[in-house]
Amino acid sequence: MKFLLAFSLLIPSVVFASSSKFQQVEQDVKAIEVSLSARIGVSVLDTQNGEYWDYNGNQRFPLTSTFKTIACAKLLYDAEQGKVNPNSTVEIKKADLVTYSPVIEKQVGQAITLDDACFATMTTSDNTAANIILSAVGGPKGVTDFLRQIGDKETRLDRIEPDLNEGKLGDLRDTTTPKAIASTLNKFLFGSALSEMNQKKLESWMVNNQVTGNLLRSVLPAGWNIADRSGAGGFGARSITAVVWSEHQAPIIVSIYLAQTQASMAERNDAIVKIGHSIFDVYTSQSR
């Protein structure tokens with residue numbers, strides 16, 4: 001974490017990576033697209049030198065649960081502005097429960113702080129906790145307005161859980177682009193969108209994610225660290241956004257989105273693993 005924070009002021013202008021450097025990654029992604037009959041978007045941003053590479057980086061994909069990082073960043077921002085108290089509590093009502101709420105479903109009739117709701121949704125992807133946060137930050141519109149404020153003109157949130165995960169082709173609602181969300185994560189963790197204290201908190205929530213062990217974490221190079229958030233939805237949507245770094249490697253922001261495929265969840269997970277491994281190999285091969 002100390003290494004990650006050391007780069008918080010290093011946000012150079014984005015420069016495109018040489019195509020040869022990521023040639024194998026592109027070949028691997030294309031092969032997976034064909035094998036799964038899927039649409040795939042990938043973005044990679046090196047925060048040390050601003051080097052950027054993408055595949056379908058400007059295409060729209062369903063946000064699914066990757067929106068939760070944005071919603072919690074909005075809560076942290078609003079707390080800085082004195083608009084909300086993260087220690088304020090919300091009563092958990094049975095009528096508010098939605099599908100997949102492993103933390104909140106056990107606390108019906110109790111109260112939860114907004115801070116704890118963010119911890120729950122960021123570490124377990126609890127959907128009711130996410131809706132609690134959305135209610136506190138002005139709903140989907142509040143999140144989208146925040147994104148526009150920090151310069152993200154693409155990412156948008158229109159609905160709450162679980163409807164936002166619908167994932168229909170051509171539906172602009174609740175979508176992002178791999179390039180846009182990578183840039184937004186850069187602003188959250190290394191830019192001026194949040195204070196250093198809240199950058200640390202957001203990073204900590206992502207580091208402590210409990211539901212991504214079978215994705216990029218499973219092929220993370222030895223000695224590397226990861227902070228991530230995944231998502232899944234209809235019509236084959238599967239996604240992950242992550243920051244990876246090591247003692248000798250500046251943070252790299254990675255976003256991978258899959259959509260419009262009939263592949264099983266296991267196959268989609270395997271696709272993310274293979275793409276991640278290919279990306280990591282670009283950086284580990286440089287140090288061999």
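Placed from the backbone N, Cα and C atoms, the Cβ positions cover glycine too.
Positions annotated as signal peptide by Swiss-Prot: 1-17. Sequence annotations record features per position, and here Swiss-Prot assigns active site, acyl-ester intermediate to Ser65. The disulfide bond annotation in Swiss-Prot covers Cys72-Cys118. Residues or ranges marked as substrate binding site in Swiss-Prot (evidence: similarity to another entry): Arg229, Ser230, Gly231.
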Of the recorded positions listed as Ser65, Cys72, Cys118, the one whose CA lies nearest the CA of Gly231 (substrate binding site): Ser65
Cα-nearest neighbour of Arg229 (substrate binding site) within the listed recorded positions, Ser65, Cys72, Cys118: Ser65
Cα-nearest neighbour of Ser230 (substrate binding site) within the listed recorded positions, Ser65, Cys72, Cys118: Ser65
Which listed residue (Ser65, Ser230) has most other Cβ within 10 Å, given these are recorded positions: Ser65
Close in space, distant in sequence - Cys118 (disulfide bond), Cβ under 8 Å, 6 or more apart: Ala71, Cys72, Leu75, Pro86, Ala129, Ile133, Trp205
Output field, substrate shell: CB within 8 Å of site CB centroid, site Arg229, Ser230, Gly231 dropped: Thr64, Ser65, Thr66, Lys68, Thr69, Ser125, Val211, Thr212, Asp228, Ala232, Ser239, Ile240, Thr241
Arg229 (substrate binding site), number of other Cβ atoms within 10 Å: 27
Three-state secondary structure, Ser230 (substrate binding site) (per DSSP): strand
Secondary-structure category, per DSSP, in which Cys72 (disulfide bond) falls: helix
Mapped DSSP class for Ser65 (active site, acyl-ester intermediate), helix or strand or coil: helix
